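Asker: This is the structure I want to talk about, given as structure tokens.
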């Protein structure tokens, strides 16, 4: 007999809850209780340490940069407000300074003129402003089309489910098609609603430190120019084909967005050596990472999604596959002009985030950082007051989480009782 529901929302809720049994709720509540206990214990230990005075593990603000026990840490400036990304976005590195390779098109005056236009747009951009729309040339659209159509079969065969799902959404909401190069402004608006990420135009290569600092604010520095048509399947520098086909689908995934932001946050105030290790992690995950889904190896790396030859190579050479190993990844050589020696398999972004946080705990900086989404700021956590403020926010969020679980539990029991009475 079909149940009678008092309203449509209740019907939808009941249908969605059919898959969630009481054991799941009990397990979730139990895990939540363990988390509360862990947070409480950690808070008590941290505050106790901060009250010990000199030599505490969390020095006061005044001691932060002058403490002799900071393991040789040298202060490194980093943007603490999202508006301060304007200070680093124009620090572009010339390709020849980092890669020994010719750039296709740089002997053509018309191509140089076109690139100069994109550079001007990027250098004049201010954080938070609308991104200027581009009237792409027919030759640029033709280059986009050949790469777009060639890679579609590989995506369907090898891409992870998150990529495929979000690619369809980009087609629907951002105008992805063989005959149209999507606009950064439209994609940025889409990403903001999906994962909180936004885009800002950039003129070319950035240093690892400057690029990663944007991720800390969920800002992805993105090029608008197109590679030269003489080599549509090869570019030594980032271009919008790589950015739009490679990065955008995964940036729309909340778990992947969190992982990307965690790498950015870990880089804030890090030493040059630590930043390079984080850049390696980004390279072998975000750019060339593989994952395991239902026992099958799939790709999630943007560098693979933009390169047909290496994409096919990475997926058909299992002898080059390695399980995710943070220490090994951070010491690997990042290759731009040839295939990678190994491709690392991540079981989940949650696993990767945990290992990244473990690494961040051992970094030299005598403080931690966290992101405040309300003020779009990166806050340092370095003393008792910072910990107490953070703990209050966590408690408030967790109380709300527990309230949601209780409401779901009560509503489920009520609907099940009504269903049994029918």
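For all residues, glycine too, the Cβ spot is worked out from N, Cα and C.
Where the annotation comes from TrEMBL, it is an automatic prediction and has not been curated.
Checked TrEMBL, it gives:
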- 242, 247, 287: Fe cation binding site (BINDING)
- 63-409: domain 'Biopterin-dependent aromatic amino acid hydroxylase family profile' (DOMAIN)
Asker: For residue 247 (Fe cation binding site), which residues of its chain lie six or more apart in sequence with Cβ-Cβ distance below 8 Å?
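Answerer: When sequence neighbours closer than 6 are ignored, residue 247 (Fe cation binding site) has 220, 222, 286, 302 within Cβ distance under 8 Å.
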Asker: Sequence gap of 6 or more, Cβ distance under 8 Å: name the residues on the same chain that satisfy this around residue 242 (Fe cation binding site), in order along the sequence.
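Answerer: Correct list: 223, 235, 302, 303, 306.
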Asker: Measure from the Cβ of residue 287 (Fe cation binding site) and count the other Cβ atoms within 10 Å, all protein chains considered.
Answerer: 20
Asker: Name the secondary structure element type, per DSSP in three states, that contains residue 247 (Fe cation binding site).
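Answerer: Reduced to three states, the DSSP call for residue 247 (Fe cation binding site) is helix.
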Asker: Across the whole of the domain 'Biopterin-dependent aromatic amino acid hydroxylase family profile' (63-409), what does the mean pLDDT come to? Round it, please.
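Answerer: Across the domain 'Biopterin-dependent aromatic amino acid hydroxylase family profile' (63-409), the average pLDDT comes out at 92.
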Asker: Can you name every residue in this chain, apart from 242, 247, 287, with its Cβ inside 8 Å of the center of the Cβ atoms of the recorded Fe cation site?
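Answerer: Nearby residues not in the site list: 238, 243, 246, 286, 301, 302, 303, 305, 306.
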